[in-house]
Amino acid sequence: MENGDIPEDANEHCPGTQSDSAGKSDACQGCPNQEVCATAPKGPDPDLVAIGERMATIKHKILVLSGKGGVGKSTFSTQLSFALAAMDYQVGLLDIDICGPSIPKMLSLEGQEIHQSNLGWSPVYVESNLGVMSIGFMLPHPDEAVIWRGPRKNGLIKQFLKDVYWGELDFLVVDAPPGTSDEHISIVQCLDPTGIDGAIIVTTPQQVSLIDVRKEVSFCKKVGVKVLGVVENMSGLCQPVTDFKFMRMTEAGEQTDVTEWVRDYMRDKAPEMLNLIACSEVFDSSGGGAAKMCKEMGIPFLGKVPLDPQLCKAAEEGRSCFLDKNCTSAPALKKIIEKLMENQVLTTSTNSDV
């Protein structure tokens with residue numbers, strides 16, 4: 001929204017969504033928001049007081065967003081959380097992707113349940129300093145579909161914010177669904193009074209993804225959330241050359257596996273090649289990718305993370321990629337986190353490193 005509480009698509013002379021005449025005045029006739037405004041509760045939201053009290057013990061709140069689904073946003077959220085926890089920070093990871101909660105899988109927490117104490121809902125812990133909350137812990141079966149309209153989604157997000165007892169945290173990482181819909185508006189409205197450090201936006205290099213990322217940046221600017229930077233994920237395929245499978249095409253158009261022959265040939269004729277990392281472009285980045293977009297829009301570019309089979313495997317197995325010496329994406333992720341630290345985006349004292 002712009003201009004306070006007046007929707008962008010409102011009629012001229014809109015009285016505002018919090019006005020007693022919202023949805024009822026002559027100016028509201030024909031407005032697409034009329035029914036919502038007429039039935040929505042007016043005045044301050046009493047839940048914001050409870051949310052403020054919960055958030056008072058959390059130093060930094062970071063949103064992880066994406067314009068388009070499938071760009072690796074949740075993978076980035078989990079690995080960012082692992083990295084911060086490895087630096088001896090107290091970290092919470094909140095999954096507000098109500099319809100597609102993938103965080104439990106990516107942290108090997110499937111089948112876990114939420115427990116309640118006299119202090120509220122208790123997060124599920126991966127490590128002593130890394131707690132997680134997700135609707136995935138509330139589903140009777142992992143294949144269960146969540147078919148909810150906006151108000152019910154918003155209600156659960158509020159409940160997560162006001163009922164989960166995180167204790168004292170250095171960082172709360174919020175993994176949001178792709179796009180700019182109900183969940184995004186809800187999380188910003190609820191957290192804004194308590195202070196949001198900003199948003200990290202994840203994209204892939206091709207224009208079809210960047211088009212939607214531009215909308216995400218626009219959303220952040222309209223709601224007053226600082227863009228901490230953009231991460232270009234799946235920026236080329238990188239892996240040790242010995243991990244590749246080599247095929248030869250026959251005249252009949254069939255493929256024959258010659259992997260062992262190639263490896264034996266390298267060992268015999270060019271052993272120095274066995275330590276090389278092979279890289280290849282997967283998505284079209286001829287348009288300049290995220291770096292060019294960031295320059296045009298005046299926002300920070302945090303760096304590129306390659307498409308790495310070892311990172312994918314770490315996400316599937318629910319573990320930190322930083323523990324894998326053969327993970328080519330780990331150094332790239334580490335540089336991005338260091339960049340955030342150097343720019344004083346994340347400023348909390350610690351005695352350790354990733």
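Keep in mind that glycine also has a Cβ here, set from the backbone N, Cα and C atoms.
Over in TrEMBL, the protein carries these features:
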BINDING   C14, C28, C31, C37  [4Fe-4S] cluster binding site
BINDING   G67, K68, G69, G70, V71, G72, K73, S74  ATP binding site
REGION    1-26  region 'Disordered'
Sorry to bug you, but what's the C-alpha spacing from G67 (ATP binding site) to C37 ([4Fe-4S] cluster binding site), rounded to the closest Å?
27
By a simple count of other Cβ atoms within 10 Å, which of G67, G70, G72, the binding-site residues in the record, is least packed?
G70
Looking at the binding-site residues K68, K73, which sits with the largest number of other Cβ atoms within 10 Å of its Cβ?
K73
Counting Cβ atoms within 10 Å of each candidate's own Cβ, which of the binding-site residues C14, C28, C31, G69, S74 comes out highest?
S74
Note: in the chain of V71 (ATP binding site), residues six or more apart in sequence with C-beta under 8 angstroms of its C-beta are P178, V202, T203, T204, S209, N233, M234
Protein Cβ atoms within 10 Å of C37 ([4Fe-4S] cluster binding site), excluding its own:
24
G70 (ATP binding site) and C31 ([4Fe-4S] cluster binding site), compared by Cα position, are separated in whole Å by 35
